[in-house]
Amino acid sequence: MAKDQTSSKDKSLEQEPSSTLSGDHDLGNLEKAKSGDHPQQPPATSNNNEQDSASMKTRTDPDHISSPDMKRFDGEDPYWTEGLKNPGWLSTATVFLVTFSTVGFLFCWGTFQQYYLEHVYQGQTDSFRIAFVGTIGYAAVTGTGPIMSLVIRRIGYRRTMLIGNVLCPLGLFLASATTQLWQVYLSQGLLFGLGGGFCFNASFILPSQWFVRKRGLVNGVGNTGVAFGGMVFSPLANYLIQTLGYRNALRVMGCIVFVLLALGTALARARYPPPSRKRSNESIVSSEEENNNDDEKSQSNKKRRPSSWFSSPLISIPFGLFMIFALLAPLGYLIPFYLMPTYATQVLGTSESMGSSLVTIGNAANIICRIVLGATADRIGQCNTLFTTTLLSGIITMVMWQFATSLGVYGVYTALVGLTAGAYISLMPSVVALLVGMDNLYSGVATSWVLMSVGSLLGTPMFGLMQSNLGWTASIQFAGAATVVAALSMLAIRFKLDRRPFVKI
């Protein structure tokens with residue numbers, strides 16, 4: 001009933017301008033009749049049902065969206081429903097499956113790292129050098145946005161994901177046949193990460209196209225795949241390694257990744273097609289024709305053009321502060337999760353299976369974090385939520401991890417850091433949309449992921465190097481302090497947007 005009322009309201013709004021134009025046309029005909037001229041016949045109107053079906057097809061089918069519709073790609077163009085009938089929920093499921101299979105799988109790297117150090121490459125490497133395998137994979141998944149955007153513009157979202165469907169399992173199959181450490185870098189690190197980049201970058205903005213009011217919630221639900229993946233893959237990797245050996249474990253997990261990515265690709269739905277070169281060229285030509293109609297306006301536009309570069313939301317103080325946040329926030333998230341098995345076995349003296357169980361605890365808490373904080377951000381604001389959780393994460397790391405000398409205290413720490421540290425991944429697209437607008441969403445998010453990948457690539461190896469030379473205290477305080485600085489940069493963004501303390505931002 002609500003849908004019929006909405007559609008009838010849309011019809012009335014669409015028919016009102018045409019009726020007005022028709023009235024003006026009739027007046028013109030009367031005037032021409034008085035002067036002796038024959039009135040022109042009005043053009044034939046198409047069937048209303050055909051117009052409605054074409055309008056609905058334009059709104060839902062990415063292949064039938066015209067350039068004027070592309071200009072309405074903003075937060076004020078909501079889909080007719082944000083309920084269960086919204087196709088965006090399928091894209092949310094896509095993001096869940098992709099993050100589960102890519103970033104979630106990378107969270108079991110701590111289990112492989114510990115096994116490689118003690119059983120496979122013992123005496124050939126150290127924790128600093130081997131840590132780059134996991135960080136290279138994460139950086140390749142999240143930091144290839146600018147490159148993947150060119151691929152997406154050329155072949156579309158789903159075909160881009162199909163490339164990742166092949167590369168991710170191929171990387172794990174090749175890793176199962178490696179005999180030297182550099183081969184692990186290329187297969188389990190780089191190749192798997194590149195495949196994840198094809199799938200991740202082609203899917204993560206799709207839910208934001210369909211939702212406005214529930215944008216924080218759907219991004220949170222979709223990104224719970226990271227936590228679910230870490231919670232499932234870490235104990236699964238430990239079990240498969242102990243029962244089948246690490247080579248067969250990689251092969252089995254490669255098959256699982258292939259099936260999940262294929263399902264996620266089949267479910268992907270895009271409301272808007274990627275901006276193609278043809279569409280961009282047409283908009284450029286049309287704008288040039290409009291400017292050429294008025295020479296004075298053309299000259300003024302040419303004079304304003306250099307200054308318009310610097311008025312872009314991507315070149316602004318709030319977005320620059322967010323780049324600092326994007327660089328430092330991963331240090332407080334990836335370092336604790338990657339090193340949970342190592343800390344549990346080396347410092348607390350627990351077994352390898354217990355170290356994997358701690359990763360599961362942290363990821364289970366992270367699931368709650370992403371869903372609850374996504375809904376909370378829709379109520380109190382993304383910036384407010386992100387500042388609070390990031391600050392708490394840094395303080396918890398600097399205090400609780402520092403004094404976690406027993407398994408019980410460390411277990412509580414893993415749960416608390418899971419509840420607070422991972423909020424930036426699910427809320428990042430919403431914050432970027434707030435800072436740069438929907439027109440610049442993909443460019444802003446891709447740039448943010450590049451900075452996050454730099455922090456992800458260097459954070460864990462730097463932590464391992466500091467731990468080897470200065471001990472656990474200095475390295476733990478480094479991770480916590482970096483997270484606090486990230487929170488302060490988010491606080492600066494929040495007050496740059498609005499100085500009132502109790503406002504939803």
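Using N, Cα and C of the backbone, Cβ positions are placed for all residues, glycine too.
Automatic, uncurated: that is what TrEMBL annotation is.
Per TrEMBL, the features are as follows:
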- 1-14: compositional bias 'Basic and acidic residues' (COMPBIAS)
- 1-72: region 'Disordered' (REGION)
- 23-37: compositional bias 'Basic and acidic residues' (COMPBIAS)
- 43-57: compositional bias 'Polar residues' (COMPBIAS)
- 58-72: compositional bias 'Basic and acidic residues' (COMPBIAS)
- 94-498: domain 'Major facilitator superfamily (MFS) profile' (DOMAIN)
- 95-116: transmembrane segment (TRANSMEM)
- 128-150: transmembrane segment (TRANSMEM)
- 162-182: transmembrane segment (TRANSMEM)
- 188-206: transmembrane segment (TRANSMEM)
- 218-237: transmembrane segment (TRANSMEM)
- 249-270: transmembrane segment (TRANSMEM)
- 271-308: region 'Disordered' (REGION)
- 309-335: transmembrane segment (TRANSMEM)
- 355-373: transmembrane segment (TRANSMEM)
- 385-404: transmembrane segment (TRANSMEM)
- 410-436: transmembrane segment (TRANSMEM)
- 448-466: transmembrane segment (TRANSMEM)
- 472-495: transmembrane segment (TRANSMEM)
Cβ pairs under 8 Å between the transmembrane segment (385-404) and the transmembrane segment (448-466), at least three: no
Result, the transmembrane segment (95-116) in contact with the transmembrane segment (355-373) (3+ CB pairs under 8 Å): yes
Contact check, the transmembrane segment (472-495) vs the transmembrane segment (128-150), 3+ Cβ pairs under 8 Å, seq sep 6+: no
Result, the transmembrane segment (162-182) in contact with the transmembrane segment (249-270) (3+ CB pairs under 8 Å): yes
The transmembrane segment (218-237) in contact with the transmembrane segment (162-182), cutoff 8 A, at least 3 CB pairs, sep 6+: no
Distal contacts, the transmembrane segment (128-150) - CB-CB under 8 A, six or more residues away: 102-103, 106, 109-110, 112-113, 116-117, 121, 160, 181, 184-185, 188-190, 192-194, 196-198, 200-202, 274, 334, 338, 442-443, 445-447, 449-450, 452-454, 456-461, 464-465, 468
Remote residues contacting the transmembrane segment (188-206) - C-beta distance under 8 A, at least 6 residues beyond either end: 88, 91, 94-95, 98-99, 101-103, 105-106, 112, 132-134, 136-145, 147-149, 151-152, 157-158, 160-161, 163-172, 174-175, 178, 222, 250, 261, 264-265, 268-271, 429, 441-442, 445-446, 449
